[in-house]
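Engineer: Questions regarding the structure given below will be posed in turn.
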């Protein structure tokens, strides 16, 4: 009888735990995806902060010339970064237990893999958590669908691109100047500005900003007055009110006359779907462009495509871009310290201590 009661208590404890995990009454919803999201994001954040502040230099190029990225090794907030794993590691999985010592793991940039893989796992679980909460509240799943765009972009630069290039050392450094370094080198090696998917992505991001500004300004300009002239118009809105807070007919009429009639939405639902769709599709296409260039399916190359009747090249803008690409690629050449974002530190370590004896 006692054993039966213990089994019931155990089941009851598990049921209470499940109920707490999936409860929508908690201040912050946890969910089953949150069970994995919370530890992975906490791990990624903790290791990132520690590495950004105190990690020793990393042999990113695999040429025994470590590059310093942490604050304690001479960087500031702008130049600091978590340096990607060494080219000597390639795309091998490199957890702490695969290294001979902690010093070796740090020297080869192990923290970068740890941060990136935990971060990508965490944000993927965040997508699932958004879907899970929407499902339990009876909402549609579009919030989680929209968040797949930035997650796809992060996965492209942190995971897909290193896999395509054959080494995590080609991944984007976790820092401000490291991000710019990555962008310049990416342009030099892949001509991303001439990739149609990236161009569509730029249209998506800038277009989304424009549409957001247009929508916000139109709504703010056509608010239904519920307050006196001496009060802020914002006080005229009560959270949860059923009435419209702005006059969509006035906004539609204004914008239709400003541009032309069919440039303006007359359906609030389709308008907001469009506002969500435009930047999301743009960022999807940008992530797809990086993922294709990871395997060297690069941007268009129109270099020296215009010649005169004598066969002489007439330089076009494409040739100017090509010259800039060559300059950036040369400046980033391995073991040539003329690129200001590469902060080299420490003496080069000899690979062979003695020269081999050659007989004959």
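In case you wondered, yes, glycine gets a Cβ from its N, Cα and C as well.
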Engineer: Quick one: sort out which of 86-101, 102-117, 118-133, 166-181 is the transmembrane segment according to Swiss-Prot.
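Structural biologist: From Swiss-Prot, the annotated transmembrane segment range turns out to be 118-133.
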Engineer: Transmembrane segment per Swiss-Prot sits at which of 274-288, 289-303, 304-318, 319-333?
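Structural biologist: The listed stretch tagged transmembrane segment in Swiss-Prot is 274-288.
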Engineer: For residue 198 (chlorophyll a PD1 binding site), name the DSSP secondary structure in the helix/strand/coil scheme.
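Structural biologist: Assignment for residue 198 (chlorophyll a PD1 binding site) reads helix.
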Engineer: Max Cα-Cα distance in Å among 215, 264, 265, the residues listed as binding quinone?
Structural biologist: 11
Engineer: How many whole Å apart are the CA atoms of residue 161 (site 'Tyrosine radical intermediate') and residue 215 (Fe cation binding site)?
Structural biologist: 36
Engineer: Look up residue 126 (pheophytin a binding site) in the DSSP assignment and reduce it to helix, strand or coil.
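Structural biologist: DSSP call for residue 126 (pheophytin a binding site): helix.
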Engineer: Write out the long-range same-chain contacts of residue 126 (pheophytin a binding site), meaning residues 6 or more apart in sequence whose Cβ is under 8 Å from its Cβ.
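Structural biologist: Correct list: 33, 37, 41, 147, 151.
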